[in-house]
């Protein structure tokens, strides 16, 4: 009767405090659960789960935190420096801006965006063991973490389409500069709209934690599957199919036309090297971001803070490694990019050597002032009057001129 009387009076805090006292004793848990109403039981379960969450935030070893910080710091430096260098080198190539340059700059900007707007905050959460920037910032960080891979994979698909028509059907369709710009803009705008549900799924009820994974509800599961198919599986399959056709075409030309077309340049070697570079770039990107999507499909429950934190940090590090690997691949497989880096780091007091179509020996003071100097070989005495006519068709005679190229028009970076 006393219990019923207290329930009828408007004193819920007294009831809550009275009924939560037996919960401190393990032998009285069943009796307390029988007395607690359904709403108060849910309140107690949520309170105990959040308390366990707070306790588990301090279970990370200092060695784990230090190791993750070192690896993330190294990748962050490589990504910031490398992708900034890519943008700078291509910006200096003002003579002929190819469509490939636009795609490469777009991917470099996406890598810089995730390096600035997402990765530092993930490392901060891992090292401090809690989220101290609020729920709104949590949504923004997770949004950029979903935005950048979707943009990059569709830009890679655009590069694949460009390479396919450039090599297999060079006369039927051409990706011009305007088409490349529209393809890049469509990749950014459509993917930015596609990942907007992240703002509704992420965030938490308290300010000390930012959810790592999408919620295991049917809405979260449905969006995870749709995002995995549209943002990863479908473009990956299209990329594989296009490159398969390109490789088959190059292989067929190399085998069937070896005897009949030995002197004909059907597929330029530079384009074949570019295809190899982007093929390797696609493989690195797909294998780097696959663990992230698998972890999201797995939907691990975040009641074990240590496990979820380690899993999320590992898959984030693997996915972020693709941002640092792109400039490395450019410098290894593209001689023009290496030449552009040398020209970028070359100071006015240094001597720059270019392995270009020009024959360059040393950079004189006249060349440093962006003047073009031409020195001709003195003509040899002719005994036959027809030699002057033949010289106009003689390649060696026309190439006996030495010229310094103008620094304001450096060569194209990606061919």
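Just so you know, the numbers here start at 1 and follow the chain as drawn.
Each residue, glycine too, has its Cβ placed from N, Cα and C.
Here is what Swiss-Prot records for this protein:
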DISULFID  138-210  disulfide bond
CARBOHYD  25  N-linked glycosylation site
CARBOHYD  52  N-linked glycosylation site
TOPO_DOM  1-69  topological domain 'Extracellular'
TOPO_DOM  91-102  topological domain 'Cytoplasmic'
TOPO_DOM  124-152  topological domain 'Extracellular'
TOPO_DOM  174-182  topological domain 'Cytoplasmic'
TOPO_DOM  204-221  topological domain 'Extracellular'
TOPO_DOM  243-277  topological domain 'Cytoplasmic'
TOPO_DOM  299-309  topological domain 'Extracellular'
TOPO_DOM  333-415  topological domain 'Cytoplasmic'
TRANSMEM  70-90  transmembrane segment
TRANSMEM  103-123  transmembrane segment
TRANSMEM  153-173  transmembrane segment
TRANSMEM  183-203  transmembrane segment
TRANSMEM  222-242  transmembrane segment
TRANSMEM  278-298  transmembrane segment
TRANSMEM  310-332  transmembrane segment
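Same-chain residues lying 6 or more positions outside the topological domain 'Extracellular' (124-152) and placing a CB less than 8 Å from one of its CB atoms are 57-58, 60, 65, 68-69, 106-107, 110-111, 113-114, 117-118, 187-188, 191-192, 194-196, 198-199, 202-204, 207-211, 227, 231-232, 285, 289, 292, 309, 313, 316, 319. Contacts between the transmembrane segment (103-123) and the transmembrane segment (310-332): present, as 3 or more C-beta pairs lie under 8 angstroms, all at sequence separation of six or more. Counting Cβ pairs under 8 Å that are 6 or more residues apart, the transmembrane segment (310-332) and the transmembrane segment (183-203) reach fewer than 3 and are not in contact.
The DSSP secondary structure for residue 210 (disulfide bond) is coil. A Cβ distance under 8 Å defines the sequence-distant neighbours of the transmembrane segment (278-298), meaning residues of its chain 6+ beyond its ends; these are 149, 152-153, 156, 159-160, 163, 213-214, 224-225, 227-228, 232, 236, 239, 243, 247, 311-312, 314-316, 318-319, 321-322, 325-326, 329, 333. Mapped onto DSSP classes, the topological domain 'Cytoplasmic' (174-182) shows 6 helix, 0 strand, 3 coil. The average pLDDT computed for the topological domain 'Extracellular' (124-152) is 90. Counting same-chain residues at least six beyond the ends of the topological domain 'Cytoplasmic' (174-182), those with a Cβ under 8 angstroms from any Cβ of the stretch are 97, 99, 102-103, 158, 161-162, 165-166.
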